[in-house]
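Engineer: First the structure, then my questions, so here it is.
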Amino acid sequence: MLMDSLLLCTVFAYGATGAGKTHTMMGTKDEPGLMCLTLEELFQCVEQRQGDKSCTIAMSYLEVYNEQLSDLLVSNGPLTVYEDPQKGVGVKNLSIHKPKSVEELLQMLEKGNQNRTQHPTDTNASSSRSHALLQIYLKQEEHDPSLKHNVLISKLSLIDLAGSERALDTKNSGQRMREGATINCSLLALGNCINALADSKSKKQHIPYRNSKLTRLLKDTLGGNCQTIMVAAISPSSASYEETYNTLNYASRAKDIKYMLKSNVLHSEKHIGRYFKAYKDLKEEVAALKEKLSSYKVEREMEPIQPSVTNEPCSAQTLQLQKTMQNLFKQRCSLHRDRLHAQTRLKEMELRAYLRERDQERIRIFCSEESLDKVTFGFCSK
């Protein structure tokens, strides 16, 4: 779907700590997870379509730890979330990288995982204390003989959420307890958004996206034009009964969120051939008018003034009439030249207006791409 027509595709793992979310998403070298397998498959699909389309892949990797956003690939300090009515949700100062191969991308993924915040707890020796969001941006440009230019911009989000936990089970204290409380608050906010969206009356009520940084980042995933898959990670242990029940309950509620997905193909149906033809016709018409005006001037300069031939002496009244006729003829010639000049200027103005309209249409299309680039395709400007 990501390669075809969808703007957003998201996969996120949800469940209690120690249930296997990170193993499912990240995996190991011997047993690669969803992230590695998906990225390998994506590059294979891109290579197969390189002949018909021009494809560009970029990525970003961030974590949400204690309600603070951090770039996992570049140490550039805390990040900030912003929302734009047209661009949607974005992250300011988030670094965008353009890997040339799947191997390079997987190396970046491994580097980001090493920078991720992890601390051992009583329930999990390598507990992830943050939510990790890997975002893959794909831009496809298709050119066909009809000169129709289609641009498809997509974003794939692969998310490993931190696990919900109970303080009595983990026996955490101090910093670990505060981390657990923050994680639970963000997951509670996520659950509230899922419940509100799953409600049949949700269109009439407020969706609390702004209750946490996590839900703000997932706004497009939960309530936008997005194909979303939720992986419910549960533990087979009877000691995790309540966490398993809550996870399955959230998964059941998430299934009730349904949207009519729309294609995100930007049809740059500019009819370039028609534009070139119109431009050529206008240019030829302007040249013809200029040539006609020049020839008219030459003819008038070469044409001698015919004297009045008569055997009778011209009266003063006749001479005055001849002078008046000559003035009228000069005025007529002047008006005709002005008309030709005006027609030429009009055609030139029409040509400029046409070219300006074409440039504005191109700018509008490029701005549509850039608007998505800065949210989902910031790499395009780098």
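Yeah, the Cβs are placed from backbone N, Cα and C, and that goes for glycine too.
Feature list, courtesy of TrEMBL:
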SIGNAL    1-18  signal peptide
DOMAIN    1-257  domain 'Kinesin motor'
BINDING   Gly15, Ala16, Thr17, Gly18, Ala19, Gly20, Lys21, Thr22  ATP binding site
COILED    272-299  coiled coil
Engineer: Could you tally the C-beta atoms, other than its own, that fall within 10 angstroms of the C-beta of Ala19 (ATP binding site)?
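Structural biologist: Cβ-Cβ neighbours of Ala19 (ATP binding site) within 10 Å number 25.
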Engineer: Please identify, from the binding-site residues Gly15, Gly18, Gly20, the residue with the sparsest Cβ neighbourhood, meaning fewest other Cβ atoms within 10 angstroms.
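Structural biologist: Across Gly15, Gly18, Gly20, these binding-site residues, the one with fewest Cβ atoms within 10 Å is Gly20.
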Engineer: Using a 10 Å cut-off, grab the number of neighbouring Cβ atoms around the Cβ of Lys21 (ATP binding site), all chains included.
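Structural biologist: Total other Cβ atoms inside 10 Å, all chains included: 24.
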Engineer: Reduced to three states, what secondary structure does DSSP give Gly15 (ATP binding site)?
Structural biologist: strand
Engineer: What mean pLDDT score does the coiled coil (272-299) have in the model?
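Structural biologist: Across the residues of the coiled coil (272-299) the model's pLDDT averages 76 on the 0 to 100 scale.
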Engineer: Can you tell me the three-state DSSP label for Thr22 (ATP binding site)?
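Structural biologist: Its secondary structure by DSSP: helix.
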